Amino acid sequence: MGSPLCVPIFLAVCILIQSSTHGQSLRPEPFGRRARVTATKKTLLETETRFLLFKDKANKGCQIRLHHADTLQECGFNSSLPLVMIVHGWSVDGLLESWIWQMVAALKSQPARPVNVGLVDWISLAHSHYAVAVRNARLVGQEVAALLQWLEESAPFSRSNVHLIGYSLGAHVAGFAGSYISGKHKIGRITGLDAAGPLFEGTSASDRLSPDDATFVDAIHTFTREHMGLSVGIKQPVGHYDFYPNGGSFQPGCHFLELYKHIAQHGLNALSQTIKCAHERSVHLFIDSLLHPSMQSTAYQCSDMDSFSQGLCLGCTKGRCNTLGYHIRQEPLSKGKRLFLVTQAQSPFRVYHYQFKIQFINQIEKPLEPTFTMSLLGTKEEMQKIPITLGEGITSNKTYSFLITLNLDIGELMVIKFKWENSAVWANVWNTVQTIIPWGIKPRNSGLILKTIRVKAGETQQRMTFCSENMDDLQLHPTQEKNFVRCEVNPKKLKLKIK
């Protein structure tokens, strides 16, 4: 998108997007009918769409002109290197956004993997009513396809070495470009960064970015939260791998819950900044993968964010996890995969994912809803008092699974300090319950027992089981903290000891 002002206007377009103007539908024409473009439109596009190549990260871009081979040499095009082309999205103010230059600089700062870096500048055609820009997107896609085919004819260059990176509406431009490439082979890769939703959600594969448009298509979804049935970013999968950071609905640090306060302070611009933050997060996650090669974010295949939040999807066998961003493992699939991950609110965005499974025995008939914290001690670092939310009361004998994320690498986990954090008032209630228990029952059988803590580290795939440091006292009481260490005994023996 263009300036901060464009997002509220974008939402206004979303609200009206299914209406008609002067009796004409705003929905794009079907793929087959759009393929025939008049000579007048082609001539117009050739003057309005610019292809820029960047010699270095500080360069403002050198224009490559279709059918002018001399411009390839002037702009420093190296046919032996891959070509990465950035495609911007819809614009209201007609200005290119600052993230473009950040991505150019990040791509040019890869000494181990040098590439040609280009930009599809279609700002004059993107600077239109949204529905008009959608129609223009298909035409611009044709121009990009024409450029790539000309490059193959003009230089010893293969389309398989092309990587198109499209943001918002630009993601669909990239998809159209791939679909218009004629011949047996496809372009190498397309990355869709929060591909635009309005006028594309629910359409056929030929009318949007899809896995058919390149040998490998990956997509990052960061703002799929619906407003009146529409979302800024497309929700449906559009690639071989579709990544949904933090569920894809919204992003941490974008302060959506404080929107009304921001509007009171900053006016309508607060709305634009809040929504732009989540939509554009896809761009910054991708740039982050370039700037921090040693801190790549891993995502995991899962059915939905609720299951992922329970820690149920941290497996990597059979290709069930992959790296988000530029360094993704490229595996074209017959059936696409949806992957989830948690990120921080700012760069570097990487977190470390852990699944915890805790088995409780509650010997009080009434379900308990205590508050817990865990402190994790690793070989490198430790994390203190991480709050634990089970989401339901503790019943007689049940195992609870949940996800914990850490913003630093603690190394190999060695000790877990588990604490019942309830207040002194709760402790008094607990003591009262203990008092009214029939005298015939032993005190040690009248409480909450924590049997084992099982842990799986997503990033290392390591599995660990922790047992109480004091096997003679397994009871846990309010305000009490217990240490758990790696189990030295067989879990089956532990079960016998507890009975």
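Cβ atoms are placed via backbone N, Cα and C, with glycine included.
Features as listed in Swiss-Prot:
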type	residues	note
SIGNAL	1-21	signal peptide
CARBOHYD	ASN78	N-linked glycosylation site
ACT_SITE	SER168	active site, nucleophile
ACT_SITE	ASP194	active site, charge relay system
REGION	254-277	region 'Essential for determining substrate specificity'
ACT_SITE	HIS279	active site, charge relay system
DOMAIN	352-486	domain 'PLAT'
CARBOHYD	ASN397	N-linked glycosylation site
Item to check | Average model confidence [pLDDT] within the domain 'PLAT' (352-486) | outcome: 81
Checklist outcome for this item: Rounded Cα distance, in Å, between ASN397 (N-linked glycosylation site) and the residue listed as 'active site, nucleophile' is 49
Checklist outcome for this item: The correct three-state DSSP answer for ASN397 (N-linked glycosylation site) is strand
Next on the checklist: Counting across all protein chains present, how many other Cβ atoms fall within 10 Å of the Cβ of ASN78 (N-linked glycosylation site)?
Outcome noted: 14
Checklist entry - When you tally the Cβ atoms that lie within 10 Å of each candidate's Cβ, which of the recorded positions (SER168, ASN397) has the highest tally? => result SER168
Checklist entry - When DSSP states are folded down to helix, strand and coil, where does ASN78 (N-linked glycosylation site) land? => result coil
Checklist outcome for this item: Simplified DSSP label at HIS279 (active site, charge relay system) comes out helix
Item to check | recorded positions near ASP194 (active site, charge relay system) (Cα-Cα within 10 Å), from ASN78, SER168, HIS279 | outcome: SER168, HIS279
Item to check | Alpha-carbon spacing, HIS279 (active site, charge relay system) to the residue listed as 'active site, nucleophile', which is rounded to whole Å | outcome: 8
Checklist entry - Near the Cβ of ASP194 (active site, charge relay system), how many other Cβ atoms are there if near means within 10 Å? => result 29
